[in-house]
Amino acid sequence: MSGLFFLLSELLILLGKINSVSKKSLCHPELFKIDNKLNWRTSEEMVLTCKAVVNEKCKKSKLQMRWYKDNELLGKKIERGLKMKYRYRKKLKLNDSGNYTCFVFNKNGNSSVFFLINVTEKENFHVNENKILDGSEISNNTLYLHPEMGMENYHVIPNDEIVMQCRFFSPISINLTVSWYQHSCDSNYHNAQLLVKDSKFNISSNKESCQSYLSHIPLDSICLYSWLRFIATSDDQSCITCLIESDNNSIEKTKFTFTVLVDAGHRPHLTFAPSSTVCQGSNFTMKCETNVPRPILYIYKLDPSFNIENPIIHLSNSTLFVNNYNEDSKRSSQSAEVLIKSMDFNYSGRYLCSLAELPLFEIMHLSVIKCSNNFFMNSVPLSIFLVIGFFVAIILLSLIIYCFFLQYKNAVDSRKHFSIRKTVIVEYESPIYKSFINGTKNFKTDVLHTNSLLPDSNPLLPPIIKIKPIKRLSQFRDGNYGEQLPSTSTDRTRLESTRHSQLENEVFECGSGNNSLSLKYGLRKSSSFEFFSLYEFPCDAKWEFPREKLKITNKKLGEGAFGMVYEGIANDIGNRSNPIKVAVKMMRDDFSDSNVHDFVKEMEIMKHIGRHPNVIQLLGLCTQKGPLRVIVELAPYGNLRDFVRAKNKKYSKSKKIIGNFTSSILCTYSLQIARGMTYLASRSVVHRDLSARNILVGEHFEMKIADFGLTRIVDYYYRKKTDGILPVKWMAPEALLEKKYTTKSDVWSYGILLWEIFTLGDSPYSAILPEKVVDLIRKGFQNPKPELANFEIYRLMQHCWSLSSENRPNFFEIVEILIDIIQRIDDEPEENIYHSELNYLKMESDYLEPKCLV
């Protein structure tokens with residue numbers, strides 16, 4: 001018996017020791033490395049961090065941590081608790097290489113981690129930034145970037161995938177490494193996140209894209225590239241840098257930085273009703289939508305135990321509801337939609353819509369209730385009816401008061417209807433302006449600034465357009481114009497006819513002398529019929545065309561904010577004896593004085609411009625015996641943007657697309673426009689709205705500059721003093737920021753026009769909001785190289801987009817550059833055949849300024 005007691009006591013002692021050992025094992029500290037970087041440079045600040053953790057089941061105890069280098073104590077820290085973190089910092093020297101140890105212990109045990117640190121000398125050579133091969137003198141032992149690297153920027157929507165290529169020329173004998181970094185554009189790659197590091201085994205040769213540049217590099221060099229697949233996040237802007245370096249630092253490093261712009265207006269989101277209540281037995285459509293292109297959407301019916309507060313969403317117990325399709329269920333490109341027929345109570349619950357590609361989800365609470373005829377009355381509180389009744393009473397009372405006000409206003413205004421007779425005055429401040437518009441002076445067309453173009457030292461000033469009222473009359477008697485406005489539409493029509501007949505009796509013939517002016521009228525009727533304005537326009541014998549020889553058809557060519565353009569037929573106009581088709585501009589019924597002012601100014605500027613094969617030609621005016629009409633030559637193929645878009649698969653609606661635009665054809669179009677702008681510059685004209693939509697395509701496919709609604713005649717520059725709707729994506733920085741316009745600001749717009757031509761009608765800065773364009777331009781962002789543009793054409797675009805206007809070419813220089821490019825392009829000579837097949841492409845076009853910016 002005593003022996004059994006002894007065995008039990010020994011067993012209890014042994015179990016106590018085992019429990020003590022297991023507790024010590026459970027409660028000894030564990031260490032974790034936070035930093036794993038082992039290779040450092042001198043002068044860098046080394047940061048080593050280790051973290052100690054004790055099991056939460058243990059009591060808090062004293063933790064001690066010590067740092068050693070090669071067994072020499074560096075520092076220590078003591079804390080009471082279950083966690084401890086300690087960071088060791090030091091600015092490095094070469095002798096700081098060695099074995100660093102983090103040692104931690106408590107009464108239950110200890111742990112340690114080791115860092116084997118290698119410190120090397122800081123780089124003492126320069127990192128070349130954007131060192132692009134440009135044809136200048138080269139050195140043998142240098143890395144050069146491919147010339148087309150300077151053309152690569154990206155503007156995308158969130159979650160777009162981009163494939164970037166870092167292309168470069170390298171000596172054959174060098175082993176290279178290419179590192180890709182992502183960082184803020186306000187900082188450099190030193191503090192960036194390393195995305196990938198390519199060794200020599202992942203760097204490929206790129207012979208095809210480098211073939212034309214092999215003559216510019218040393219014989220012992222090779223063309224290589226490294227690529228990165230990058231998915232853009234929802235950040236507005238980030239930069240990606242590729243760093244090229246040799247393994248042994250035998251040559252200078254080279255790097256290039258890509259800018260990635262993400263349109264914040266396209267942040268991904270889901271639309272899923274947060275709650276819905278439906279009646280038992282009815283049909284219900286559950287729909288989830290997103291703005292993400294080509295999405296994968298799921299709709300789940302959530303398990304009742306689902307906890308929305310849990311940061312990790314588990315759907316294992318939920319039902320994938322979107323698979324329960326019947327014949328009426330459907331899934332479109334950007335939505336998941338399910339029609340549930342004959343709803344019952346089993347459908348009540350919570351539903352979750354999620355996007356497979358992104359961590360986005362929305363939850364709907366669906367309630368199925370039993371409905372009856374008196375359900376609404378029984379379920380809605382009386383207070384709701386009282387609130388609704390109160391608001392209905394307020395609305396009815398407001399309507400009654402408003403009706404009384406209108407009745408009173410009409411009674412007062414009925415005594416105030418009157419007619420206003422106005423005259424349009426064109427004042428010529430410059431003594432030479434009339435000789436300009438009469439074509440009696442000779443001008444140079446190969447220079448730009450107006451000071452060298454004027455026939456004498458006097459500045460060329462545009463005419464001043466004034467509109468002044470002549471009489472305000474309340475009676476219509478004894479030949480005076482004015483009558484109380486009748487209240488019925490029939491009376492209004494009769495009054496209008498009476499005014500026309502009365503005014504016909506006051507027609508003055510347009511004299512033939514330069515100083516002979518007679519006035520006629522134009523009729524404006526306001527939209528409210530409360531007054532009429534009678535406009536009298538100056539008559540110019542040189543441009544006046546008999547109204548009876550002009551026939552206007554019903555074919556509308558375009559319509560703007562205050563004007564319309566119709567096709568017409570003119571007899572004996574200009575030097576043509578046969579009837580020809582023309583375009584006729586006219587005012588709409590509801591125009592204002594400001595519209596008349598702008599219309600007449602555009603008409604006067606077209607007189608001043610004169611004739612050039614690449615500028616739309618003014619043929620005549622009808623200012624007498626009827627409404628104002630402006631006659632210009634007809635461009636049967638519409639505007640250039642629609643013309644080139646007909647060959648672009650993204651825009652063309654034609655089932656049959658004949659032929660393709662060659663580089664030679666597109667360069668020829670660009671050359672014609674440059675010649676037209678050279679001529680306008682010689683006439684002291686700044687266009688201010690040069691774009692593909694304002695270039696018309698003539699009968700023989702000649703380019704014609706048109707739409708002079710924003711055009712001004714200037715002496716060196718014109719400063720806009722007022723704000724208005726402007727084509728900001730085509731405007732130069734100084735025009736946007738300083739409202740300063742010169743011929744060089746037209747050169748900037750010409751560069752954008754070139755980009756439109758060679759992209760076959762794409763919109764510039766397509767993913768960027770107009771208000772953000774200015775800031776991006778100031779940061780150096782440019783439209784990417786079009787696929788159809790060669791290296792020389794894109795260089796010309798970039799030259800036109802120089803931030804400093806002094807660094808841009810003038811139009812005469814652009815003409816010379818394009819002639820040189822066309823002579824070197826080896827295209828098949830089938831341009832005329834191709835054009836003859838395009839007759840089916842005659843498109844309607846707007847001859848006026850568009851209603852909104854594209």
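The backbone N, Cα and C atoms fix where each Cβ goes, and this holds for glycine too.
Taken from Swiss-Prot, the feature active site, proton acceptor covers ASP689, and the record attributes it to sequence analysis. The Cβ of ASP689 (active site, proton acceptor) has 21 neighbouring Cβ atoms from other residues within 10 Å, across all protein chains displayed.
According to DSSP, GLU559 (ATP binding site) sits within a strand segment. Annotation comment: Swiss-Prot describes LEU557, GLY558, GLU559, GLY560, ALA561, PHE562, GLY563, MET564, VAL565, LYS585 as ATP binding site.
Per DSSP, the secondary structure of the domain 'Ig-like C2-type 1' (29-120) breaks down as 3 helix, 65 strand, 24 coil. Per Swiss-Prot, the feature domain 'Ig-like C2-type 1' maps to 29-120.
The domain 'Ig-like C2-type 2' feature in Swiss-Prot is assigned to 147-259.
Summarising the annotation, Swiss-Prot assigns domain 'Ig-like C2-type 3' to 268-369. Mean pLDDT of the predicted structure over the domain 'Ig-like C2-type 3' (268-369): 78.
Among the features that Swiss-Prot reports, domain 'Protein kinase' is placed at 551-822, with the record citing sequence analysis.
The phosphotyrosine annotation in Swiss-Prot covers TYR718.
Per Swiss-Prot, the feature signal peptide maps to 1-20; the stated evidence is sequence analysis.
If you look up Swiss-Prot, you'll see 21-383 marked as topological domain 'Extracellular'.
Residues or ranges marked as topological domain 'Cytoplasmic' by Swiss-Prot: 405-854.
Of the listed binding-site residues, namely LEU557, GLU559, GLY563, VAL565, the sparsest Cβ surroundings within 10 Å are found at GLU559. A Cα-Cα distance of 19 Å separates ASP689 (active site, proton acceptor) from VAL565 (ATP binding site).
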